[in-house]
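Chemist: Below are the features I grabbed from TrEMBL:
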{"type": "DOMAIN", "residues": "12-78", "note": "domain 'P-type ATPase N-terminal'"}
{"type": "TRANSMEM", "residues": "49-66", "note": "transmembrane segment"}
{"type": "TRANSMEM", "residues": "72-90", "note": "transmembrane segment"}
{"type": "TRANSMEM", "residues": "273-295", "note": "transmembrane segment"}
{"type": "TRANSMEM", "residues": "315-341", "note": "transmembrane segment"}
{"type": "BINDING", "residues": "389, 391, 806, 810", "note": "Mg(2+) binding site"}
{"type": "BINDING", "residues": "389, 390, 391, 489, 530, 553, 587, 667, 668, 669, 780, 786, 809, 810", "note": "ATP binding site"}
{"type": "ACT_SITE", "residues": "389", "note": "active site, 4-aspartylphosphate intermediate"}
{"type": "DOMAIN", "residues": "834-1086", "note": "domain 'P-type ATPase C-terminal'"}
{"type": "TRANSMEM", "residues": "863-884", "note": "transmembrane segment"}
{"type": "TRANSMEM", "residues": "896-916", "note": "transmembrane segment"}
{"type": "TRANSMEM", "residues": "946-965", "note": "transmembrane segment"}
{"type": "TRANSMEM", "residues": "985-1003", "note": "transmembrane segment"}
{"type": "TRANSMEM", "residues": "1015-1039", "note": "transmembrane segment"}
{"type": "TRANSMEM", "residues": "1059-1079", "note": "transmembrane segment"}
């Protein structure tokens, strides 16, 4: 059977490479690089010649090789062209080398593969479909594997999928019972010859369907049995898996997208401008060619006696034809190759400025900012949309127990009437040998309440230590490790542990807790599991005294409905505390409990067991059973967990929003989690007019929700517009909907709804509604959907986009966006390896865009405007001269001046401006984010600005030619001799040109450095030095054919008339520019002008601090309980499938009371704290 590129079904046989090779499945080698040794030259040259300019220069080179056409040497074109191609190729090769290096690092990792009945070390790239792989704890999964067996009971294993979906909580996978019996028996595994028939490779991370055929039986396979490449094995000693998909066929690589060459918007504009310039050259060439034919026919005929035509010229028309191509060559310097060399040098310089920026260096991890693609710098100043991952990008992915409310009293570090000194001192947990040393809490009064034996506080932490699904592992008597299924639960159980209620171990029927130094074993009677509808979980336990108690924790809105009337007053007080917690962006959770008598429990148990045994409607019946006992609860209090944002996230988002940059969050997390982070970093606020939530399960529902959102936005905007006399905006089409929106909206959409929204017939509705919103949050999205959202905005809005993330699940959008930024985080380095820029913290994004990006765009635009101006002024002098030289394609300047003008005389000043110029300093860039908007609107260099530069250049060329021509026409020197000759005219025009363009760049320079002074005035000095050297007798005697202007510089520049002509030409060229700019700044100043004026006024004062107004919201309560929690984990625990046999029996030997040294130490330290408090109080009173 041959290989079919449109693979419809995959068949893989275990331990049979010969059979599997018939299908020619891909091996496990990955390739993110674009080239290899053989393909580099043709592909790179092909990509470079996509630039119209490069193809244009090759065409000119061919023309210059024709003697009857060219009046310039072919060296003038081939050397710069080869230099440009070589520099660009070297840079592309360097970038690709690092991609090869990272690929090789991954491909050469070692894996244990079962070959010929033995486990052998094999490189990852040599792994094939059908191979059986052994993985050990904390190892990355080699390829997409079907789990066969593991060290855990019932073939379970635990994986971390951070590289795929950004979630660090553990997920459970389970092998088929029939294969889990294989264990780690190498002989039986080597004999395993099962055949898997499944779906072809695809990028759907949450779906897999297949069938395993083995020993005449067939077994259904699903996603819960698959270990995906990029995951890491956790809390599992070993496991064996069969390779189903390898290398590029794995779901990780299917979601990675293609590596494409990124070009900036200015690059694309330049391609268009080069075509226009070529059109202008053809137009001018045609005019001059027609002029040549007419001149040769009417006037030139009289000169042919002693100036005959060359052999190939037969008629005036053919002479005009050859003249046309000659002028195309002469006038081509409007776009010299040096332009592209300079652009690459400037971009490289901007890249080094980012690399060298100490303010983007993260000292904690010794991580500097790094530019990985050097060709995109100016596009950083044009970003309109930022697409960000959440976990690890906006957040640190670290949950901390921050505050709590117990029996109406708030404990926590903020909002307490505690002493300043105490707030700075964390609680000392050194008396607790099992305390987590990373846990910090600053309110000492909570420890005091525990020490004094407050029953409500004890019950609060007892609930936290019992009501969860955390697994524990006590490696040593003083080392306790928790494996939490969600970081929320881990934070709560860790808090209880530090405050003296230490969860020690569990079995399917018991939970063992060390309470204030005493080991207590509770009988676990039932776990009422969490799901997205219930938004709570409960446990029913029996304490050693025989008392049955139900403990419950969950969303406030859910549990409040189930409270006993006696908790009414406490409920009101706790509600106020919850509002305060939620207002600070904390994830809130309500705790409650009830006593259950034996008779009530037995009645409920019968209902529960009956519901559990039902085959149909089991989930609904279980929910009803849970509801029947989760009522009349007694409120204990509430917890507040902080999902720690990275430092400076809120400030960065606010500053970027002020710069009119829209931020979309694309995350694999659940809706509640993402929204909570949105509130934490002020992307979502209760002050917004509306937050639209799209969660339809059908295409029709999604369409209806999107249309309602759009209609509401447009409807409200109409009302607001009517009130402010903006009726004309309503007449605009709906594609400009966001321009009419005068209110703040947010859109939140789920992954299953987004799948419909991205379809061709709904994508317009989605884009229009989403782009009209200030904030967009896409939840539960796959890596492929992230890339599709980016592509959709690029396609419909024609906006410059940036994607930022830190995991392999972000690679697709990083590659799709115009700019991809990788953050070095807790989720590996895959994002960095595929990014254009990388740094350690999200907050550095504001500096990358508002400072480096803005400066890069500003500098590049000024560079291009000046470059086109000076070259039009330089080149069009030839055009005017054509009317006075018989259209003979004679150049105004000598050939050496033409060659050196762009390479030597004017190259360094414009490079200095392109590298160092700045209109405002970095503090002003951050203080006034609105300064960023010109880049988004493309105001500084566009087609209009290009034509203005061309017009300015044409005016300067007219002045440069006609003033010297008219002044020298009948001029005589001081000795009475006539000084009007071709060579004197050429020197006068050339000198005027150098001085005019030097004065012009001095006027254009906003920020002077020693380098600018040296390059500008130094270039003028170099011009005169080379001029006198080339017009000297010595060089004429050595090369008489190449330097014919012997002695002309001394003769011409010795005349006072010539210097007066140069002065008049300079004044006439720059005076209108000075007048226009003065009036413009005075009458219609830009924001940049206003900031410069403000800075000059404040120059003698101390600089203002950079401040961003922080909005503190009064938010509605949001419970964030177990947003990462996976349904069904409680049932897994009570079934005992995840328990080791020796662990189940070991806990029954624990029953003796430990010594009370723990509690004594605690009381002793509390007494010391009380004494210190009294001392501090006396000091403050005095």
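Sequential numbering from 1, following the chain as shown.
Each Cβ is built from the backbone N, Cα and C atoms, and glycine gets one as well.
On a predicted model such as this, the values are computed, not experimentally measured, just so you know.
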Chemist: To which of the binding-site residues 806, 810 does the lowest count of other Cβ atoms within 10 Å belong?
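Modeler: Minimum Cβ neighbour count within 10 Å, taken over the binding-site residues 806, 810, occurs at 806.
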Chemist: Return only the integer: C-alpha distance in Å from residue 389 (Mg(2+) binding site) to residue 780 (ATP binding site).
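Modeler: With the alpha carbons as reference points, the distance is 11 Å.
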Chemist: Would you mind reading off the Cα separation of residue 530 (ATP binding site) from residue 810 (Mg(2+) binding site), to the nearest angstrom?
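Modeler: Distance between the two Cα atoms comes out at 29 Å.
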Chemist: Which of these binding-site residues is closest to residue 810 (Mg(2+) binding site) if you go by CA atoms: 587, 668, 780?
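Modeler: Going through 587, 668, 780 one by one, the Cα closest to that of residue 810 (Mg(2+) binding site) is 668.
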Chemist: In the structure shown, with every protein chain counted, which of the binding-site residues 389, 530, 587, 780, 809 has the densest set of Cβ atoms within 10 angstroms of its Cβ?
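Modeler: By the 10 Å Cβ neighbour count, 809 comes out on top.
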Chemist: Let's check the environment of residue 668 (ATP binding site): how many other CB atoms sit within 10 Å of its CB?
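Modeler: The answer is 29.
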Chemist: Assess whether the transmembrane segment (273-295) lies in contact with the transmembrane segment (863-884), where contact requires at least three Cβ pairs under 8 Å among residues 6 or more apart in sequence.
Modeler: yes
Chemist: For the transmembrane segment (946-965), I need the partner stretch with the highest count of C-beta pairs below 8 angstroms, choosing only from 315-341, 863-884, 985-1003.
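Modeler: Top-ranked stretch among 315-341, 863-884, 985-1003: 863-884.
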Chemist: Mind checking which residues reach the transmembrane segment (1059-1079)? Cβ under 8 Å, same chain, six or more beyond either end.
Modeler: 952, 955-956, 959-960, 963-964, 967-968, 988, 991-992, 995-996, 999-1000, 1003, 1053
Chemist: Thinking of Cβ pairs under 8 Å, which stretch from 315-341, 863-884, 985-1003, 1015-1039 has the most of them with the transmembrane segment (896-916)?
Modeler: 1015-1039
Chemist: For residue 668 (ATP binding site) and residue 806 (Mg(2+) binding site), what Cα-Cα distance in Å is obtained after rounding to a whole number?
Modeler: 13
Chemist: Could you tell me whether the transmembrane segment (1015-1039) and the transmembrane segment (985-1003) have 3+ CB pairs under 8 A, leaving out pairs under 6 positions apart?
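Modeler: Yes, since the transmembrane segment (985-1003) and the transmembrane segment (1015-1039) share at least 3 Cβ pairs closer than 8 Å, they count as touching.
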Chemist: List the Cα distance (Å, whole number) between residue 587 (ATP binding site) and residue 806 (Mg(2+) binding site).
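Modeler: Residue 587 (ATP binding site) and residue 806 (Mg(2+) binding site) have their Cα atoms 23 Å apart.
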